[in-house]
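Colleague: Below: one structure in structure tokens.
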């Protein structure tokens, strides 16, 4: 499937973190670690709308707990660090607000992304949407006591050190330059390195909260054997990755691989024609049928109850999305897999989704048909294929 390259965006960071864990984090509601250094993210300004801040503080633990249960992680305690923003090279924000979720060791486990609603396409009535995933958490944790900048373009995410060399740290599936170098020079005078304020993203902003009660009480439903076995590279095979993951889960096997699926369906294509080919819904249904399944096309997003019932019955669901930002180019259409669903302790219903580009899962409001993805784009969930 085809996609246009988005513009380069940038996030400036200065990181330094002590090796000593935060002391007495459970009991101290006003944590001020003056003797500790923290990850500092450069921002143009630290202003966050009150509605956004309240939404993050109110709901983050429920979202995080749903992912913890999906990952079969133990009960834990979390808090939020200071929120930060991501900028384009013209110093304009990408419009989102990012809240790091800290564990008691002072490391970032998840990123809460709050976005203004994409009004034209979204079925949600809320002004903002919230999504939680690992996103850049591992990257932020890898550069302790170093001054860095994070940049992103169509090739992925880069860490820029003080010598202005950019290292690719998070590759996206949009790579098309076979001669891509792992380091690139960044102009020293670039204005994104001159943002004046700093957000202490690893400084706890409130008392740590245990998710013990939420973990025990919160309803989470998952395809029992769903695992991330491979991720999408420089190709158009999102549907192949999606179907492979779903069939591996529902058959409890490791035999399905995206490339083999694509070769089965397009045996005569070679070279770049094969590399960048995609699949139609009809081809996706046909492949499921050849594997002993009876997939059905639904010309809309599946409801929460439908996801709940299908997942309980070990039937996989493929998401078919259309990119909001551009309907042309590679990945203008994109397939993703439904991992399961959860009902948060505030009653909100969410669907757990795996994007083949990612090494982790993400939460999606069950009433919102626009899915934000890890490169900053949004996909309108317009159809589903269920029964894998």
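Including glycine, each Cβ sits where the backbone N, Cα and C put it.
Owing to the predicted nature of the structure, the values given are computational and were not obtained by experimental measurement.
Pasting the relevant annotations from Swiss-Prot:
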- 1-25: signal peptide (SIGNAL)
- 238: active site (ACT_SITE)
- 334: active site (ACT_SITE)
- 355: active site (ACT_SITE)
Colleague: Between the Cα atoms of residue 355 (active site) and residue 334 (active site), find the distance and write it as a whole number of Å.
Modeller: 9
Colleague: When you measure from the Cβ of residue 355 (active site), how many other Cβ atoms are you left with inside 10 Å?
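Modeller: Result for residue 355 (active site): 27 neighbouring Cβ atoms inside 10 Å.
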Colleague: Let's check the environment of residue 334 (active site): how many other CB atoms sit within 10 Å of its CB?
Modeller: 27
Colleague: Pop the Cα-Cα gap between residue 334 (active site) and residue 238 (active site) into the table, whole Å please.
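Modeller: Computed Cα spacing between residue 238 (active site) and residue 334 (active site) is 6 Å.
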Colleague: Can you tell me the three-state DSSP label for residue 334 (active site)?
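Modeller: Once the DSSP labels are grouped into three classes, residue 334 (active site) ends up as strand.
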Colleague: I want to verify one value. Collapsing DSSP to three states, which class is residue 355 (active site)?
Modeller: coil
Colleague: For residue 238 (active site), what is the tally of other C-beta atoms lying within 10 angstroms of its C-beta?
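Modeller: So the Cβ neighbour count for residue 238 (active site) comes to 27.
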